[in-house]
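Heads up, the thing below is written out as structure tokens.
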Amino acid sequence: MGAASGRRGPGLLLPLLLLLPPQPALALDPGLQPGNFSADEAGAQLFAQSYNSSAEQVLFQSVAASWAHDTNITAENARRQEEAALLSQEFAEAWGQKAKELYEPVWQNFTDPQLRRIIGAVRTLGSANLPLAKRQQYNALLSNMSRIYSTAKVCLPNKTATCWSLDPDLTNILASSRSYAMLLFAWEGWHNAAGIPLKPLYEDFTALSNEAYKQDGFTDTGAYWRSWYNSPTFEDDLEHLYQQLEPLYLNLHAFVRRALHRRYGDRYINLRGPIPAHLLGDMWAQSWENIYDMVVPFPDKPNLDVTSTMLQQGWNATHMFRVAEEFFTSLELSPMPPEFWEGSMLEKPADGREVVCHASAWDFYNRKDFRIKQCTRVTMDQLSTVHHEMGHIQYYLQYKDLPVSLRGGANPGFHEAIGDVLALSVSTPAHLHKIGLLDNVTNDTESDINYLLKMALEKIAFLPFGYLVDQWRWGVFSGRTPNSRYNFDWWYLRTKYQGICPPVTRNETHFDAGAKFHVPNVTPYIRYFVSFVLQFQFHEALCKEAGYEGPLHQCDIYQSTKAGAKLRKVLQAGSSRPWQEVLKDMVGLDALDAQPLLKYFQPVTQWLQEQNQQNGEVLGWPEYQWHPPLPDNYPEGIDLVTDEAEASKFVEEYDRTSQVVWNEYAEANWNYNTNITTETSKILLQKNMQIANHTLKYGTQARRFDVNQLQNTTIKRIIKKVQDLERAALPAQELEEYNKILLDMETTYSVATVCHTNGSCLQLEPDLTNVMATSRKYEDLLWAWEGWRDKAGRAILQFYPKYVELINQAARLNGYVDAGDSWRSMYETPSLEQDLERLFQELQPLYLNLHAYVRRALHRHYGAQHINLEGPIPAHLLGNMWAQTWSNIYDLVVPFPSAPSMDTTEAMLKQGWTPRRMFKEADDFFTSLGLLPVPPEFWNKSMLEKPTDGREVVCHASAWDFYNGKDFRIKQCTTVNLEDLVVAHHEMGHIQYFMQYKDLPVALREGANPGFHEAIGDVLALSVSTPKHLHSLNLLSSEGGSDEHDINFLMKMALDKIAFIPFSYLVDQWRWRVFDGSITKENYNQEWWSLRLKYQGLCPPVPRTQGDFDPGAKFHIPSSVPYIRYFVSFIIQFQFHEALCQAAGHTGPLHKCDIYQSKEAGQRLATAMKLGFSRPWPEAMQLITGQPNMSASAMLSYFKPLLDWLRTENELHGEKLGWPQYNWTPNSARSEGPLPDSGRVSFLGLDLDAQQARVGQWLLLFLGIALLVATLGLSQRLFSIRHRSLHRHSHGPQFDSEVELRHS
């Protein structure tokens, strides 16, 4: 909004001067000095005539100097401008003092009203009242404030070469960016760069300005500014107008706030609070039309922002002004004179000159030279600005023959309103159609609402800002707002009236009012509020004069010469008459009136009220103290992309290319895993690099996006996932090294064998696994256990420290603290570690009772030499290489041996079951639930048995997705037994998950969290393993049903499920601590066994040393597969089972439920699986279980009968729960003290030197005391659990064998 350069005042005659040394006083030309006049009205007439001819000369020089400076800010131009300013002040002082000297007693009694107005203006000296030194100081302050504002720049963080000026750079950012952080940076940068340096200058300016105007008889500068409106009730009248208009603003504010909430979300928009000031499309949130695209009521209607059409048609700045001129001439108003086109600056110069870009219209006071200075951009809102500025020029042209003192608007608001009146016609769809910017005009209700809302974003949004700026300045001038409260009061008013808040913390070092042009340039602002009311009064009157009938907002006065004639009369009057008279002649009323404005916006007012009521909007901002948080990674992340269309295009391309790359990688990986050779290893490494390059390429591109600003949740989720480059973040050399280490570790593990002295060698699968499962000979088990760790674990130790270094480096490059932090992030749960600990504590009593019972059974079999009833259990005696599941020693611990056997292996072998038959049965279970059958490719391409052709393969069971929507496979060295039947269902669960989400984008083809993927197959296995289901498969002779049969069944399940809980918990407890550095490589093995003792109550059967690496003997460690997923899976599978049993209509104990053939259960499961990773896992949990949290209650319910029985048995035998003799080992039973010829001691199963052992003893003493306290607490807990369990009904089981998931 340009200030009209026609009124004598500091903001008009004294704009920009550089801060230079004070200029010497210049003598006024004698011909410009006042002569001698009589002190009566006749003399005053001659005085006024003489003043007018002299003033034209002085004002021309002053304006010309200011123009030269504003269009080329240099020191020389500043010096010349200051000279001109001082001369104009000297001229004002000479003539003003003469006017006071001659006419002070009598001028108000003159009969000629125009003469009174002229003398009144001349006698007001303003800054010319000041003595020379202060006058020079005053001029310097004005010039420096203007210079600071006009040359302020905002530079990118750490990039001083990339800096933005306000216009057009920052203005464009505020208008077009939808990035919260970018908008914030531009907003904060401008307010700091322009505002902060101005504060001390503004304090000094205020003091000098008040001093000057007090000498003219005003109480302060604000009183002088208000005097132009010649109304004693002016302030009250404005307040009354504002109150009339406020309801419309409140409804607009609430509607826009809701739209911004849709875009920026809860974090940045409070639906009961103020709106952050940088989000409304404008640096000062004074007009909101630039966010019209975000708030448009009916987006399917024709677009009323014709900017794109203007650009397509090749509009330029000159054409925009020609179009505006043609509107004025169509009303038979004056065309622009030649000087206008020759002298104006209509675009920002391309030659590098510093200019004042703020749009303004200039009167050079010679009655022929009128210019506009505007850095015009080809946009629709700038087209309105063009008409606004040309309105000033038209005013100048119409009153140019009046005396200089009367060349002004009837009041300042009149001058601002004229161009805007025409812009109200220009912006109508009908007029835009006439000038070729709209293809057609639709006047239906929806199009009307679109148009009126667009106008409201410009006109209604501005009202509180137009009102408050001078409320603040009047407070400053009067002293009500001292300099210690400049910023506080500014934001108090902006929140009170506009309902906006600063987006970052502001304090009194800031001077945010100074970041608005009119404050440092000393241009009064209330004129704009007045003009926004007046222009609608004018519009209504001119439409009536033009003969228009219909809705006011559709009126276009284009080509109405009658309207032009009526307007001309107003313009030609200048300020020669009281504005009230001029207004009455124009509209028939002598006061400002909000009714035409309210009438214009009535349709959209009603629509907004209805919308806000429907949405339950709160009008106003009751939570007025709310402020938004700073964005993450601010300000470094400000240049991130937030455009939804660009993000969508990126996601489509990523998905298309990923399907190809991931398919090729999966094929190469499959070929390696099913045929380990140098050639397949080489190809896999190549594909590894290919997929790393793909990940790096698209991950790097994804990091250009600010996911926090994207609104499409699917696109947001995909891009956030793709931004994590994982290992591909590593530099090429380190990535190659990392891939080779992983391959070396995995190959070492997969080809390791343990050999007898006779030369025969055993592999892990199936040989050593069978030994651990079936042998009951202590030494044979020890040989297999120790041999596997010597071959697999020790060999992997050499690679592991470098692996840790590189995986941590990759995690840090992806923004994580370490690799553990990265792995935990997959659960999107900040409290994950605390939640897991809570779940473990809930289940620990069940594990301790099972541990004590099994230890007693092992004591019966192996004797006191090998089993201590108060100590940990040797790790090799539990039927499994890692003692993670104990079901293989069921025969040693079976509660009721005489009850019918539940081992179906013999029946399966007798009936000729094959691995393929086992998977067919699993497929049949899924299809019985209405779920998908596996496709033909599955049967043709899977490896369901260990090859007999001598190939080396990775036997560890795994499920594979080949990313083409039809190829899904399982790799498993299946043995015909019940355990592998359960594993087959587990693996088929992965395949079913793959099939259910196959149509999602590649990045979302995962489980809701990693535990979900592991749980699905196990949920079905919980049904498959029931005696009822095994009987239906003809694998058991009866369904059982007796209490003894139930306890046997639950014991078998507990040996799988409960025994696994502490192991699945501790593996990643160990790795997370390795990754965070709290476990060093020197202590890898010692800390591994500390955790296995603490959580599992196990000890190594032979001493271990630092040279051993027993974690490496577990597949998931060398293969870098996170393990906590299995702990999560074992918890949630029972929650799923309980919920699906309810859906299936099951009644009775949860452990007897079989959901086979329940379509209802299948539907519930399918709905959750189809989500893949597209939603946070609690939503998938809600779909299955009806609530969003992980809970151990279903698992406890499932095993409650067993817990009751175990507790009774353990009490009967006086079992000690836990392992109070925690430092016992089988080796220590044979020999305590130094090992032969070594100088070392066996301690906690570890081979340590004496000093290490002494430190360990002190640590264990502390642990012992802690364990005693824990045991006492546990007793109380068991009592309370037993007490509570009497009042609970049963929940459900789950069944799982952990496997590697190869799908990602």
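Backbone N, Cα and C atoms are what each Cβ position is placed from, and that goes for glycine too.
What Swiss-Prot says about this one:
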- H518: active site, proton donor 1 (ACT_SITE)
- E987: active site, proton acceptor 2 (ACT_SITE)
- H1116: active site, proton donor 2 (ACT_SITE)
- Y229, R527: chloride 1 binding site (BINDING)
- H388, H392, E416: Zn(2+) 1 binding site (BINDING)
- R789, W1088, R1092: chloride 2 binding site (BINDING)
- Y827, R1125: chloride 3 binding site (BINDING)
- H986, H990, E1014: Zn(2+) 2 binding site (BINDING)
- C155-C163: disulfide bond (DISULFID)
- C357-C375: disulfide bond (DISULFID)
- C543-C555: disulfide bond (DISULFID)
- C755-C761: disulfide bond (DISULFID)
- C955-C973: disulfide bond (DISULFID)
- C1141-C1153: disulfide bond (DISULFID)
- 641-1220: domain 'Peptidase M2 2' (DOMAIN)
- N52: N-linked glycosylation site (CARBOHYD)
- N72: N-linked glycosylation site (CARBOHYD)
- N109: N-linked glycosylation site (CARBOHYD)
- N144: N-linked glycosylation site (CARBOHYD)
- N158: N-linked glycosylation site (CARBOHYD)
- N316: N-linked glycosylation site (CARBOHYD)
- N440: N-linked glycosylation site (CARBOHYD)
- N443: N-linked glycosylation site (CARBOHYD)
- N507: N-linked glycosylation site (CARBOHYD)
- N675: N-linked glycosylation site (CARBOHYD)
- N712: N-linked glycosylation site (CARBOHYD)
- N1189: N-linked glycosylation site (CARBOHYD)
- 1-27: signal peptide (SIGNAL)
- 1258-1274: transmembrane segment (TRANSMEM)
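Scoring each of the glycosylation sites (N443, N675) by how many neighbouring Cβ atoms lie within 10 Å, the top position goes to N675. Put simply, Y827 is the one of the recorded positions Y827, E987, R1092, H1116 whose Cα lies nearest to the Cα of R527 (chloride 1 binding site). The sparsest Cβ neighbourhood within 10 Å, among the listed binding-site residues (Y827, W1088), is found at Y827. Local packing around the recorded positions H986, H1116, R1125 was summarised as the count of other Cβ atoms within 10 Å of each Cβ; on this measure the leading residue is H986. Among the disulfide-bonded residues C155, C543, C973, C1153, the residue whose Cβ has the fewest other Cβ atoms within 10 Å is C155. Note on H990 (Zn(2+) 2 binding site): other Cβ atoms within 10 Å of its Cβ, all shown chains, come to 25. The two recorded residues, N158 (N-linked glycosylation site) and H388 (Zn(2+) 1 binding site), show a Cα separation of 39 Å. Residue pairs drawn from R789, W1088, R1092, the listed chloride 2 binders, are separated by up to 16 Å at the Cα level. Per-residue confidence over the domain 'Peptidase M2 2' (641-1220) averages 95 (mean pLDDT, predicted model). The C-beta environment of C163 (disulfide bond), restricted to residues of the same chain at least 6 apart in sequence and closer than 8 Å, consists of K153, V154, C155, L156. In sequence order, S750, Q763, L764, E765, P766, K946, Q972, C973 make up the list of same-chain residues 6 or more apart from C955 (disulfide bond) whose Cβ falls under 8 Å from its Cβ. Using CA atoms as reference points, the recorded positions H518, Y827, H990, H1116 were checked against N712 (N-linked glycosylation site), and the closest is Y827. Candidate binding-site residues: Y827, H986, W1088, R1125. Nearest to C1141 (disulfide bond) by Cα distance: H986. The two recorded residues C543 (disulfide bond) and R1092 (chloride 2 binding site) have their Cα atoms spaced 89 Å from each other.
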